[in-house]
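Annotated in TrEMBL:
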type	residues	note
REPEAT	6-47	repeat 'WD'
REPEAT	48-89	repeat 'WD'
REPEAT	281-311	repeat 'WD'
Amino acid sequence: MKPILLQGHERSITQIKYNREGDLLFSVAKDTVANVWYSVNGERLGTYNGHTGAVWCVDVDWDTKSVLTGSADNSCRLWDCETGKQLALLQTNSAVRTCGFDFSGNIIMFSTDKQMGYQCYLNFFDLRDPQQIEDNQPYVSVPCSESRITSAIWGPLGEFVIAGHENGEINQFSAKSGEVLKKVKEHTKQINDIQPSVDLTMAITASKDNTAKLFDSTSLEHIKTFKTERPVNSAAISPIMDHVVMGGGQEAMEVTTTSTRIGKFEARFFHAAYEEEFGRVKGHFGPINCVAFHPDGKSYSSGGEDGYVRIHYFDPQYFDFELEA
């Protein structure tokens, strides 16, 4: 089936996110705009306007009431999903790199970059306490002096946050106290992306060291490794099959001298158990920055350096295969 092309951004896509039902797809890019689309036909539903810098991250809560965005304009903003009205503005000293709602939608976390002499911080706000929002004062703020956080997700039950760092480390931060519960270092270079499995028991990391790795969310035990010959910018786990999709490509700086064929800009499918690649999907004219599976597992989306979001439909049973012993 022909992919649906979403053209609503002028610069490269930084993150895409489905809501829980999968009827909406949220996309943010380096062009200050956050868009929301109908995932079934690619029609643009609306935009969230207010940021003045590149928008690095987006998340939507469990019941699709609120949307959270973090930007290089040193702010994290909370929006009403339906009306596009800005509900809260949290100012920071440096760019907001990652953000996310916990399971209940009551607590948000976001991390800031280490720049302009400011530290990297992981901040937790309770939205049920208007005073925290008014005073711009998180109930827990964790300094990360060693290495900045480049990607983070909530763990199961919202007890901790799993964060990937610039130096390849993965840490678990307690959402109550902010202390580091666990620490592992399986990657040798920066972690670009972390995404959870549908039941939150596993998380997949994508790294500049040309690999994606599967971890147990609670113990951080390393389970599988998927190897490629280029940096992996994003990876996602299929909600219904033992499949992993990965997107990446060369660094954006090197792309101008590379043809699309050599640059390896395809999305790549791996079997989650056998660690073997079994499919590639072409489409983007530059590196893929983010990938996401639809919650029903029958389509996936990818956002690229070329500023396009593509929704690809496929029949997963054609992708199911048994490897010979």
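The backbone N, Cα and C atoms fix where each Cβ goes, glycine too.
For the repeat 'WD' (281-311), the mean pLDDT of the prediction comes to 91. For the repeat 'WD' (281-311), same-chain residues at least 6 beyond its ends with a Cβ under 8 Å from one of its own Cβ atoms are 3-18, 20-22, 25, 27, 29, 31, 37, 39, 42, 193, 195, 198, 233-241, 245-252, 255, 260, 263, 265-267, 269.
Summarised by DSSP class, the composition of the repeat 'WD' (281-311) is 0 helix, 16 strand, 15 coil. Shown for the repeat 'WD' (48-89): DSSP residue counts in helix, strand and coil, namely 0 helix, 23 strand, 19 coil.
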